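Positions annotated as FAD binding site by TrEMBL: T22, S23, V145, G286, G287, C288, G289, I290, T291. The annotation D-dopa binding site is assigned in TrEMBL to Y202, R257, G287. Among the features that TrEMBL reports, domain 'FAD dependent oxidoreductase' is placed at 9-297.
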Amino acid sequence: MAEALSLCSVTILAEKFSPDTTSDGAAGILLPKEFPDVSLERQRCWFKNTFDHLLAIAESPSAPEAGVFLSPGYQIFREVPSDTKPYWSNYVFGFRTMTDYEMKRFPNHKFGQSFTTIKCECQRYLPWLEKRFRDAGGQIKQEKVTNLKQLTHYYDVIVNCSGLGSRSLAGDQDIHPVRGQILKVHAPWVKNFIRDGDGKTYIYPGISYTTLGGTWQMDDWRLEVDKGDSESIVERCSQLVPSLHRAQVLEEWVGLRPGRRNLRVESERLQVEGHDVLVVHNYGHGGCGITLSWGTALDALGLVRNGLHEQLPHARL
């Protein structure tokens, strides 16, 4: 936003910043799910635009600092899925069905897909993004926003990316927590990601650690580590890669995904004391925050551009 709207003043307000956000613990791998009531064409654009943008970073000199890199691996299924060639398969590299010989590694699974996607190591990626934002002239303020109306006296446009906070800020009861617990382990011998098609068991190699997961617990607000969940994660992942039984655990981590039936990217007008303010919503990504980040951000940017009045070339966001 700060780079695209160079004539505008852009400020990020948040109660917490990296390393204390949900995204800091995210696996950061580009693997989308399908939102039921959003057109596939729109979802394709979200994923393709994100993939293309992050690929350019992965192929640039900034890749090590940004923590963005190509990641080859497998997605495996206990039963053959109804859609064996998902909408995003044309945008990742080398997408193909795994051979019977390859599937012998996973005797409890009947079908698999092999491809190369992109991974962001978020503990590197988020600080790098913050620096990029500041270099573009953006301002950052650590502040808890309790009501969007409190911002209308200071900003001409509000972009709401508050995730679960939208339950109160936008009055949206459709958004709910999806509790995710993961382990970060030292396993440099693991080179390929492996994800069970149910989305609950996964192994994602990174630069500094390998992420083992996970849980998908709806409407669960617990932020404490559950030792039973950790044991289950190690056991499930070790069934796929037995050597992980011996991997050193570096960290146990819990975060709450902002779950919603359909991701919300849309605008509305907020009327406060005769003052008309554009609000652009961009939240409800669930486990696809990094996966669809740049695509939905471009959509939100388009809504901001469409909503800005021509007489406000120096708007405050």
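Glycine is treated like the rest: Cβ placed from N, Cα and C.
TrEMBL annotations: computationally assigned, not manually curated.
Note that the structure is a prediction, hence the values are computed from the model and not measured.
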Q) Where V145 (FAD binding site) and R257 (D-dopa binding site) are concerned, what is their Cα separation in Å, rounded? A) 19
Q | Proximal but sequence-remote residues of the same chain as T22 (FAD binding site) (Cβ under 8 Å, at least 6 apart) | A | G163, G255, L256, R257, P258, G289
**Q.** Those residues of the chain, 6+ apart, with a Cβ under 8 Å from that of Y202 (D-dopa binding site)
**A.** A27, F193, I194, R195, D196, T211, L212, G213, G214, C237
Q | Around the Cβ of T291 (FAD binding site), the count of other Cβ atoms that are within 10 Å | A | 28
Q: Sort out the sequence-distant neighbours of G287 (FAD binding site) for me: same chain, 6+ apart, CB within less than 8 Å of its CB, listed by position.
A: K33, V178, G180, G199, W216, R257
(Q) An 8 Å radius from the center of the Y202, R257, G287 Cβ atoms defines the neighbourhood of the D-dopa site; name the other residues of that chain inside it, in order. (A) A26, A27, V178, G180, G199, G213, G214, W216, G286
Q) When a 10 Å sphere is centred on the Cβ of V145 (FAD binding site), how many other Cβ atoms does it contain? A) 17
